[in-house]
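Engineer: Taken from TrEMBL, the feature transmembrane segment covers 12-30, 42-67, 88-112, 150-169, 176-196, 216-238, 259-279, 307-333, 345-366, 386-407, 428-446.
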Amino acid sequence: MSKHVHAQWSSKMTFVLAAAGSAVGLGNIWRFSYMVGDSGGAAFVLIYLACVALVGLPILVAEWLIGRRGQENPINAMADLARKGGHLPAWALVGASGVLAAFLILSFYSVIGGWSLSYTLGSVTGRFTGQDADGTGAIFGSLLGSPGMLTLWHTAFMALVIWIVARGVTKGLEGAVRTLMPGLVVLLIVLVGYGMTTGHFGEALAFMFRPDWSAVTGGVVLAAMGQAFFTLSLGMGIMMAYGSYLGEDVSLIGTARTVIILDTVIALLAGLAIFPIVFANGMSPADGPGLIFINLPVAFGNMTGGMILGLMFFLLLTFAALTSAISLLEPVVELMEERTPLSRVAATLVGGAAVWALGIAALMSFNVWDSFLIFGLNVFDLLDTFTSKFLLPLTGLGAILFVAWCLDRQGVADELALSGGRERLWHVVARYVAPIGVIVVFVTGLL
Ligand code: PHE
């Protein structure tokens, strides 16, 4: 039994906005573009789109369904539902690995959120004005080379996250997402327009949509699936936690479709904005995590009105990162609040401080610890790889298997308002297509 009455979203719209706020973040812009670049372009994009549709959608629905039925933190929700249905209590592990993933991801996510904050300030002070790619590369390099600066920005970002989460989950989020998300979309469209003027838009289009299947390896497919999980905030207990605040009257499938389309459109727009600039300036798309921080400032530094657009872009990116980061801290806090005597504020502070400390280890891998490797990866890459390629898919797999195989079929059909052919389609996708897809990708990726 949870020890307090569980809150509910004030309206359907708030829930959609909060879910979209979680999904849309650095993953759509920073991570999507650099993963596309690193993985060679279009084939990655198309596999990613397939993963989003065939695996992402059913798992998103499954997570919300578990959360709404359980009305508790992800671990208790899974444990209770399993017990009620006469299944092994070990299902609670699915909830636990989700919360662990959220914790690990936030630690490095906050470091990138810090970069975004720092670039917001850099845009105001005109730091990028007139810079070429070498100049912006040097600015980014000096940020990465300074553990002090990185710590400062990471701390500032994390402090914002802790402050917002400590105040409670529904307050303030709705207004922020409602106004800022459309702003982000408009700005991305402006940037895509700018990309069209560079003379390299066609090249970017081909890079993103004309696949070279010969370059596809198991690793690329696994990376694409990891990106699908990451960008939709799946496999982390987040959507389960959000679902636990959800009223009975919300259509899970319809809402999932809305959130997924929005998330995907933003990622594709980001790619169409970023790659023309990459090619126009003779940069390599495979520049790694620094990609947008090196190439976008070149565009902002050299276009009319670039200073104000740059400021708006990094500000909106920071907000998008914040709404996602809030959702990453939420399951950790929800769990601590319900399982320990800590108050919400205390739980937020303790959980946030632990995340912050791990983030310090992540940011040191860009400088003093750059040669400290585990399995050939530095701490930052290890956290990212371990979570997106392992924990998230496996947790998501657990969620969909549980819903498709352990819960009663008719009950799920009623809850999703499905019948006839559409119910059979859901059933086949949830039971076979999505889980087998995850397993096949996972196994081939590891071979
Ligand atoms: N999905 C968000 C993004 O794409 C970030 C996020 C990742 C949020 C993982 C929660 C969990 O940026």
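From the backbone N, Cα and C atoms, a Cβ is placed for every residue, glycine too.
Note: TrEMBL annotation is automatic and uncurated.
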Engineer: Please figure out which one of 12-30, 42-67, 176-196, 307-333, 386-407 racks up the most CB pairs under 8 Å against the transmembrane segment (216-238).
Structural biologist: 42-67
Engineer: Short question: which residues 6 or more past the ends of the transmembrane segment (42-67) have a Cβ under 8 Å from it?
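Structural biologist: The answer is 35-36, 74, 77-78, 81, 206-213, 215-216, 220-221, 223-225, 227-229, 231-232, 234-235, 237-244, 246, 252-253, 255-257, 259-260, 264, 268, 271, 396, 399-400, 402-404, 407, 412, 415-416, 426, 429-430, 433-434, 437-438, 441.
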Engineer: Under 8 Å, at least three CB pairs between the transmembrane segment (307-333) and the transmembrane segment (345-366) (pairs 6 or more apart)?
Structural biologist: yes
Engineer: Which bits of the chain, at least 6 residues beyond where the transmembrane segment (88-112) starts or stops, bring a Cβ under 8 A of a Cβ in it?
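Structural biologist: For the transmembrane segment (88-112), the list is 25-26, 30, 73-79, 81-82, 150, 154, 157-158, 161, 230, 235-238, 240, 289, 321, 324-325, 328-332, 335, 351, 354-356, 358-359, 361-363, 380, 383-384, 386-388, 391-392, 394-395, 398-399, 402, 406.
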Engineer: Would you kindly list the residues that approach the transmembrane segment (150-169) from elsewhere in its chain, counting only those six or more residues past its ends and only Cβ-Cβ distances under 8 Å?
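Structural biologist: Answer is 7, 18, 106, 110-111, 113-118, 143-144, 245, 318, 321-322, 325-326, 329-330, 333, 344-345, 348-349, 352, 355-356, 359-360, 363, 366-367.
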Engineer: Does the transmembrane segment (386-407) reach the transmembrane segment (345-366) with at least 3 CB pairs under 8 A, where each pair is 6 or more residues apart?
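Structural biologist: No, the stretches stay apart by this measure.
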